[in-house]
């Protein structure tokens with residue numbers, strides 16, 4: 001059997017048998033054991049389940065189509081049997097149309113393919129002593145009880161080889177390959193078995209059969225119900241333990257049983273939850289500092305001099321502001337913005353600067369410590385050399401192979417698709433000429449649309465809002481035209497973002513499929529890069545507009561700047577656009593979290609409830625485990641890709657714009673604590689068991705996080721410099737409040753508002769922008785809403801930028817350069833001081849390699865000695881018989 005299987009592995013995929021030679025699964029009836037994970041004989045474990053609809057009972061396809069589908073399925077199942085797998089078919093208890101084909105991999109098949117896939121398996125117990133951490137007593141308070149989930153035994157491992165079978169730690173052949181490894185091997189075979197040949201092109205793989213509807217589902221089994229342990233004594237009920245000790249909401253403050261998660265779901269799931277848990281723990285520090293900065297702003301807002309001047313009826317009450325739009329808008333009093341100026345004092349304070357610097361350093365610590373943690377997991381989970389040894393070529397890539405090349409290192413011929421020039425042209429064509437131009441145009445169109453909405457709606461709100469609001473004066477203070485426009489525009493922007501996400505997802509998948517990456521890691525990394533670029537532009541474009549463009553190019557009341565020759569450009573609040581940026585962030589982050597939870601948790605729950613109640617209405621019979629799992633939701637081809645994307649986008653909001661919203665880390669911390677348990681609950685209760693997959697790290701997300709960390713320093717420095725009012729206030733305090741520019745005898749913030757709001761003569765209004773409303777009082781001037789710092793009317797350089805403006809601009813540029821260089825220098829020092837792999841982990845890896853090689857070498861020597869010993873005995877016996885005298 002082993003020799004036969006060695007001949008049909010990967011390159012040939014077997015031959016297409018004739019009709020009379022087709023092998024069929026063994027048909028059995030359900031044995032009324034709902035928790036059984038074995039064939040009817042109770043000996044052979046179910047490693048995978050295939051589900052199809054009986055072609056003779058289908059009513060939706062033509063008869064010829066049904067025959068073709070049946071033929072392909074029969075050939076596929078026959079080839080599975082030819083590859084050594086054992087199949088057993090059972091008709092559904094609830095729906096007679098459904099057939100469940102259970103797949104079992106015998107010992108010989110597991111050994112053969114474990115060697116092909118270079119799967120690492122245990123050699124002997126790990127004898128390396130681990131030092132107990134000084135914080136171990138504290139961690140035990142939050143760990144899962146070891147009497148419930150026992151710690152995994154540690155072994156030295158090596159890639160499996162059948163010729164060294166005796167060297168491996170085999171106590172029981174049935175448990176040597178754990179269920180996750182068995183499922184992975186079977187899925188490897190299922191993905192490479194042929195079912196048809198058309199025009200000399202082989203068609204193969206379970207994925208294509210699922211896409212064409214020949215099979216309805218293919219999945220490994222959960223080992224029990226999540227509500228109660230299995231009644232089968234041979235079942236460890238790991239799913240039940242995971243739900244009770246990990247996914248249940250009561251465990252929200254407990255540490256995750258990462259080794260147990262990895263054992264049940266595989267390394268790919270395990271590394272995601274390890275990263276998410278580590279990120280959440282690091283957010284605790286950032287959240288504490290952020291709350292401290294927020295409280296500092298709350299405590300000092302009453303001492304905010306410029307806000308007091310805005311609210312003072314003798315100062316702000318005497319300042320008349322120019323209209324914010326043409327004709328329909330009227331003059332207004334500065335004291336209207338009193339409440340918003342108080343709020344602004346909370347976020348636009350010295351604490352914001354401290355927090356921005358802290359977050360620039362925090363993100364470096366987070367990334368560097370995660371690299372160390374990731375290296376530890378690579379050693380503990382045997383993925384240190386995974387990419388070099390285990391990763392196989394994607395079936396879709398193999399199907400389009402045209403020639404091979406010699407690997408210079410292994411001297412093995414590797415398959416390649418077409419020539420490099422053709423693939424390069426494919427990549428350039430899809431990414432440059434098709435994807436990015438229309439993506440950029442679509443984003444620009446959506447941003448311009450939101451801007452036009454802001455401009456037109458602000459015009460309407462300014463003219464009508466005050467006339468239609470009925471209520472107290474307090475409502476008028478908070479529901480200003482600026483607030484109404486900002487909130488509604490943010491909500492519309494959020495809806496547009498969600499719609500564009502759907503489009504971007506389909507385009508990114510289409511482009512990546514067309515590129516045809518060689519391995520699954522290459523595929524996911526390529527898709528990750530594209531999707532993040534799309535999502536980055538989609539999510540952050542509105543925030544970048546408010547932070548760095550809104551209110552920056554508006555001209556002045558006598559000569560405003562127009563969009564599309566019609567709409568007057570937006571102006572910021574007298575305190576700047578920082579508060580509006582905070583509002584935008586809060587709506588997008590909060591709305592995104594709510595939408596994702598509805599999409600990821602509520603929808604699968606509703607679908608499963610509908611399926612469960614409809615099935616219960618049809619029958620009260622005992623239902624087997626494979627049928628229970630079939631009615632759960634499929635996990636999807638991209639697995640945890642969307643969970644990673646959701647968290648990385650959140651990471652961007654937490655770091656890129658944290659200078660405007662210091663509470664972002666706290667909100668992210670709360671969300672992530674819930675996210676861990678929701679994702680765990682979703683995996684253990686609502687979805688079929690995923691095919692366990694290997695993963696060495698978090699893939700392309702690591703460089704993306706590093707790119708965000710570098711960009712965050714720039715964005716936060718620019719937010720403080722250009723969006724907040726901190727630099728103008730500092731320049732006024734140190735230079736323009738005292739002679740020669742100011743009149744105060746000492747440095748002070750008094751007079752700041754009066755000196756920074758430029759004066760405009762109302763007689764200089766053009767007819768196109770002159771307000772309809774009559775001027776009140778005997779004043780002839782009004783003030784500009786934004787701090788444009790221009791010479792007053794009557795000056796020889798009237799309405800041109802004054803000396804204060806150039807001092808502020810120079811200070812802003814100097815601040816950005818100094819802050820960036822200081823933070824980048826600190827980041828470099830931290831990265832240099834903290835190695836990616838700890839010395840302890842390096843020693844463990846070297847020790848394991850040494851002991852593994854020594855063990856295999858000693859076993860080889862034992863085999864040689866044993867063989868040579870027998871040979872020597874035979875030689876000695878032969879010699880003795882030759883020289884022994886013959887009997888007379």
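Cβ coordinates come from backbone N, Cα and C, glycine included.
According to TrEMBL, the protein carries these features:
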- 38-258: domain 'Anoctamin dimerisation' (DOMAIN)
- 261-848: domain 'Anoctamin transmembrane' (DOMAIN)
- 272-297: transmembrane segment (TRANSMEM)
- 350-370: transmembrane segment (TRANSMEM)
- 432-453: transmembrane segment (TRANSMEM)
- 487-511: transmembrane segment (TRANSMEM)
- 532-549: transmembrane segment (TRANSMEM)
- 647-670: transmembrane segment (TRANSMEM)
- 698-722: transmembrane segment (TRANSMEM)
- 813-834: transmembrane segment (TRANSMEM)
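Counting Cβ pairs under 8 Å to the transmembrane segment (487-511), the top-ranked stretch among 272-297, 350-370, 532-549, 647-670, 698-722 is 532-549.
A contact between the transmembrane segment (272-297) and the transmembrane segment (532-549) is absent, since fewer than 3 of their C-beta pairs, 6 or more residues apart, lie under 8 Å. Away from its own ends, the transmembrane segment (698-722) comes close to residues 271-272, 275, 352-353, 356, 359-360, 363-364, 367, 374, 521, 524-526, 528-529, 532, 547-548, 552, 578, 581, 644, 648, 651-652, 655-660, 812-813, 815-816, 819-820, 823-824, 827 of its chain (Cβ-Cβ under 8 Å, at least six residues beyond either end).
Residues belonging to the domain 'Anoctamin dimerisation' (38-258) score a mean pLDDT of 86 in the model.
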